[in-house]
């Protein structure tokens, strides 16, 4: 029994001297939430307290929104115990809320209020919000155009790359012909094709699709191929003695075994296709976020550029998150080796 | 030399096993253009339902012989026959259990065991056989586990179930217990014997452990160094379950180790 005495003592001792620990626990759990609230109140005050140095229509709204967020942060973290998993999630992210509030306050003060940063190049937060509210249709059109172009090119490139990779990995004859071509053309950055692609293809849209597919296809091909080629021959031996035909060996042995490699290729392909997408839109296609960026630069609309950049990064990281979610579903048998 | 199936224990399905005839088989590997002989004029005749152990020094070519029996490779000379039919390619009637379980890591235990039926396109109508095979090796509760969640012994049991689900006529065991710890090994040796007795398939076991061969097999064939030739064909006329301390087996073991040139260590 003596081994239990320590925990017994703690359990019985806790209620007696409860006041000080309670305060400490409250501070630990909710202190950061209060701090987050303070940071956002500071943003609200900084918006409303001083006059803007320029002409921005959303300053007042931003201030009000900051107060609302401050209130939500306060009640959300203090009352997290009553909010279940949402409360826990909020409490976990509270330090980020503090950082974000502080950063926005600093940004607001440094731009809209005292113009410490040179003005047209560093617009205040309310200017960016203004873009999202007032220029929404154009921005949305650009987002849709970019997503369509990217998705079409990526899917074509991934599918072709996957099939080519499996074929090279499986068939010696295909490897003989395709491998040198791949060695020769693959390492060329897809953007180098841009000038040729734009006048050989019937439309700038099809040219861009081709370039995105090319940028995606190369890493997917190489990694699928190396995945198929590195499958242990013991797996094939096992399957063959159990009566497997060649089609079974490809579909049920080679491809599942190569899938972890394939996803690395899909990930790399996604990264390089983003680069091609933006460049293609800036140069040839008259739509999409790349074009929007270019257009905003032409009009010296710097707030629009920042707004478009934020949307772009959300889209790119969203796409990668989606890819990893699919991978985690398909490769549950694998322990998480690549983290995102 | 011709073996009579004088098995000490009654077999429930005496008709299940197939006869295996290895006739004057020689084989060689091509290594950088040079031929490296591994099997030299090997002839072995196995009766249906017999349990034969192939014993020899490491690297002597035993495993190569198993690959030929499985139909994974073709011999350079000689022929192999299963029930008079020449072996030219792998067939699910001759299933191999390798030293490594080589379970497919992307498949659950159940899906691994189902592999053979799936490959032959008969899984849909015969799912019960997978469950039965898992029951047979005592892993029904692990049906949804992935291979990385299993211990070495459990993984090898799954590999065994994956072989047995096909109701093989010849079970080919390539040192299947070689990598297991000694306790698991003893348990699984007993399980192997009882499975063989219940099912009645012909069993070919490659091992480099003389004791294992003597505890399990009705016949032990001793090979020479590479290129392997049959050095001795020893009948183990002892009822199952066999006792490791049996003086008769100890005597045979000494004899075998003598053949392998290891009598000094005894």
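Backbone N, Cα and C atoms are what each Cβ position is placed from, and that goes for glycine too.
Residues or ranges marked as domain 'ABC transmembrane type-1' in TrEMBL: A:143-324.
Residues or ranges marked as transmembrane segment by TrEMBL: A:62-84 (among others).
Per TrEMBL, the feature transmembrane segment maps to A:96-116 (among others).
Sequence-distant contacts of the transmembrane segment (A:151-170), counting only residues of its own chain at least 6 positions beyond either end whose CB sits under 8 Å from a CB of the stretch, comprise 178-179, 182, 208-229, 250, 254-255, 258, 262, 265-266, 269-270, 273, 276-277. TrEMBL lists A:151-170 (among others) with the feature transmembrane segment.
Annotated transmembrane segment per TrEMBL: A:182-201 (among others), in sequence order.
Feature annotation from TrEMBL assigns transmembrane segment to A:207-236 (among others).
If you look up TrEMBL, you'll see A:305-326 (among others) marked as transmembrane segment. Sequence-distant contacts of the transmembrane segment (A:305-326), counting only residues of its own chain at least 6 positions beyond either end whose CB sits under 8 Å from a CB of the stretch, comprise 123, 128, 131-132, 135, 139, 142-143, 146-147, 150, 263, 266-267, 270, 274, 278, 289, 292-293, 296-297, 338, 340.
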What parts of the chain pack near the transmembrane segment (A:182-201), using Cβ distances under 8 Å and only residues at least 6 beyond its ends?
164, 168, 207-208, 210-212, 214-215, 218, 221-222, 272, 275-276, 279-280, 283-284
Are there residues at least 6 beyond the ends of the transmembrane segment (A:207-236) whose Cβ is under 8 Å from a Cβ of it, and what are they?
149-150, 152-154, 156-158, 160-162, 164-166, 168-170, 182, 186-187, 190-191, 193-194, 197-198, 200-201, 249, 253-255, 257-262, 264-266, 268-270, 272-273, 275-277, 280-281, 284-285
